[in-house]
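Student: The N-linked glycosylation site annotation in Swiss-Prot covers Asn49. Among the features that Swiss-Prot reports, topological domain 'Cytoplasmic' is placed at 1-24, 94-105, 181-188, with the record citing sequence analysis. As annotated by Swiss-Prot, topological domain 'Extracellular' applies to 46-72, 127-159, with the evidence given as sequence analysis. Taken from Swiss-Prot, the feature transmembrane segment applies to 25-45, 73-93, 106-126, 160-180, supported by sequence analysis.
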Amino acid sequence: MKAGALELGHASKTTKSGVNRGMSILDLFIRIIAIIATLGSAIAMGTTNETLPFFTQFVRFKAKYSDLPTFTFFVVANAIVSAYLVLSLGLSIYHIMRSRAQATRIALIFFDAAMLGLLTGGASASAAIVYLAHKGNRKTNWFPICQQYDSFCHRTSGSLVGSFAGSVLIILLIFLSAIALSRQSLNH
């Protein structure tokens, strides 16, 4: 092989705006999936309740998400993030049409990071409660309740999975916006 052959290369036929447009389409797709994950988590947790049947109608044990302020915060946080993601779809579509927009990408990075903090905070706090529901804490006499409230625990655990998946998707959105901005600054 000759040394000159290595220097000869073919230029990419993909334009830089085409790559940015592809990244913007991926951004839109990820936002839609994140909406589904966070909204599904809010709905699943918000409709979680279970009543244990007993011999008498006067004594009933009931578990509802609203009994725990942490779960209420989880539902509100996921609902806020879902609403934000729906509103941000407009900017995501704008970026498909105008791939060189910088100010709106910076705004999206800022708001995506704020929503990531809110979503992760709600999911992490609820994860601690779900862990206690599954495992308990013998030192403080908090016994596991998931043997009795099986459906309640399955729904809350599933809600956490959707919420943490939404967190990962928002991290990807932040990376995509940062990459698109860095590609634009390198071109100027």
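Positions of Cβ are set from backbone N, Cα and C atoms, glycine also.
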Student: Going along the chain, which residues six or more apart from Asn49 (N-linked glycosylation site) have their CB under 8 A from its CB?
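Tutor: Sequence-distant Cβ neighbours: Lys62, Ala63, Lys64, Tyr65, Phe152.
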Student: By DSSP assignment, list the helix, strand and coil residue numbers for the topological domain 'Cytoplasmic' (94-105), in that order.
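Tutor: So the counts come to 7 helix, 0 strand, 5 coil.
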Student: Using a Cβ cut-off under 8 Å, which residues of the same chain at least 6 positions beyond either end of the transmembrane segment (106-126) come close to it?
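Tutor: The answer is 38, 45, 70-71, 73-74, 76-78, 80-81, 84-85, 88, 91-92, 156, 159-160, 163-164, 166-167, 170-171, 173-174, 177-178, 181.
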Student: When the topological domain 'Extracellular' (127-159) is classified with DSSP, how many of its residues are helical, how many are strand and how many are coil?
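Tutor: Helix/strand/coil tally for the topological domain 'Extracellular' (127-159): 22 helix, 2 strand, 9 coil.
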Student: Between 0 and 100, where does the mean pLDDT of the topological domain 'Cytoplasmic' (181-188) sit?
Tutor: 71
Student: Let me spell it out: take the topological domain 'Cytoplasmic' (94-105), skip the flanking residues so only those 6+ beyond its ends count, and list any with a Cβ under 8 Å from a Cβ in it.
Tutor: 17, 20-21, 24-25, 27-28, 177, 180-181, 184
